[in-house]
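S.K.: Take a look at this one; I'll ask things after.
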Amino acid sequence: MAAKDVKFSTDARDRMLRGVDILANAVKVTLGPKGRNVVIEKSFGAPRITKDGVTVAKEIELEDKFENMGAQMVREVASKTADLAGDGTTTATVLAQAIVKEGAKSVAAGMNPMDLKRGIDLAVDAIVADLKAHAKKITSNDEIAQVGTISANGDNEIGRFLAEAMQKVGNEGVITVEEAKSLDTELEVVEGMQFDRGYVSPYFVTNSEKMRVELEDPYILIHEKKLSGLQTMLPLLEAVVQSGKPLLIVAEDVEGEALATLVVNKLRGGLKIAAVKAPGFGDRRKAMLEDIAILTGGTTISEDLGIKLENVTLSMLGRAKKVVIDKENTTIVDGAGAKKDIEARTQQIKLQIEETTSDYDREKLQERLAKLAGGVAVIRVGGATEVEVKERKDRVDDALHATRAAVEEGILPGGGVALLRATKVLDGVKTANADQKAGVDIIRRAIQVPVRQIVQNAGEDGSLVVGKLLEKDTYSWGFNAATGEYQDLVQAGVIDPAKVVRTALQDAASVASLLITTEALVADKPKKAEATQAAPAMDF
């Protein structure tokens, strides 16, 4: 086992604090609408330019192991906030730095770290309750666009695209962000349910110009096994022909005689038909087939349920307004499933999302939920250079998470004002002793720091602005760093999602409390470099 280096009390906290400062000082310059860029060297390719706090935090690794511990714990604040709220990482880092700094001073002055922590927890609970009480639910598309714009560092175009995407696919819909091949940013919306399986044979194509199958008002047969012969299906096919409607077959596979017969019938014009393979694999395939059945109002033809293909009637088939199939994807638009069944299914998937511990499973469940709830939107981010595209994509990702958070828990005035206004609530917090009161005061000073930093990054005097803001009682009145004016921030569109502000404060206080109550640090001792032996002489 390698020898360890151990540091105690003040020495340990000082080392950690240095690491906290290095990381937080690099991150906090990105805060606010006038936040500066940070350039990160990459071992290959062009350097990366970003204004995203968590991206900067993840790149920082310090040589001194004790300093690095402090830096990594604050990095954890940024990562946790990014995971939970998707934005607010820089605010969380700035808050953590402020709480640790103030806390370290109090501990050095001889106060009890555990009582300080209790005081911090009491203050945070009071502020969270205040934030929830003041949060305003989002009602209009404009407000969604404003949240997106603020999170994207004032980029109106990004805010507009996000609002449009959320309007089209709903709050539960999947919105993905990709890099575009062109200069322009564009939005593509796939309405209805889309899955990544194309037609089994190109002979099914009805639109030869676009090489795709288009079926209007079709019946949909959902079968979980392979189809290799059509003998058992003949009664059903005859009923479909008589109805005059097209038929889509979704099965594990369609092969051999079955495929040949279907293609021949299609080419002769007797039967408008197409076949696709079922999406997914294993248990996920069963679940996705059931989703399609519920969406279209049909029944999954499965031997588990005791339904044989020869007994299937038209009433067991699903219906949709339109189905479009190309080489790679199938899209079912406007399925005829009962609304209450679809809602029950989405509720069931939501419960599974809450219970699952696997990130991969969660992602797949969210995709299924979105397909049932209304569709998928893709925002393709354009730019003149690869560096610019990557930087914009970072901002779009941030903005997307922020808008989702805003829809979830409502909005608050931005610019750090919501936290600043919460100082009043702290006057009513009851503490058991002087050290706990000092913990409350640590938070009182820390929640002023985001406003100061935003103002400082905009080139103004932070203390002056904070003093001016505290003179006035109006909750949403604040300093708009983008324009340099004092105004009602909610009316001006300077807003933050309540979830982002709340998560940033809770995560910062949680990790900062741990740093304050740390009494010893243990790290591996650096190994001394062994002297290399001289190479033997080569005088042959």
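Using N, Cα and C of the backbone, Cβ positions are placed for all residues, glycine too.
Fair warning: this is a prediction, and the values are worked out from it, not measured in the lab.
According to Swiss-Prot, the record shows the following:
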BINDING   30-33, LYS51, 87-91, GLY415, 480-482, ASP496  ATP binding site
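Have a look at these and tell me how they're positioned relative to everything else.
M.R.: Every protein chain shown contributes to the tally, and the Cβ of THR90 (ATP binding site) ends up with 28 other Cβ atoms within 10 Å.
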S.K.: For THR90 (ATP binding site), just give me the three-state DSSP call.
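M.R.: For THR90 (ATP binding site) - judged by DSSP and reduced to three states - the answer is helix.
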S.K.: Using a 10 Å cut-off on Cβ-Cβ distances across all protein chains shown, tell me which of the binding-site residues (GLY88, GLY415) has the largest neighbour count.
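M.R.: That would be GLY88, with the most Cβ atoms nearby.
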S.K.: Which ones in the same chain are close to ALA481 (ATP binding site), with CB under 8 Å and 6+ residues apart in sequence?
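M.R.: In sequence order, GLY32, PRO33, LYS34, GLY415, ILE454, VAL455, ASN457, ALA458, GLU460 meet the Cβ cut-off.
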S.K.: Within 10 Å of the Cβ of ASP496 (ATP binding site), how many other Cβ atoms can be counted across all chains shown?
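M.R.: Within a 10 Å radius of the Cβ of ASP496 (ATP binding site) lie 30 other Cβ atoms.
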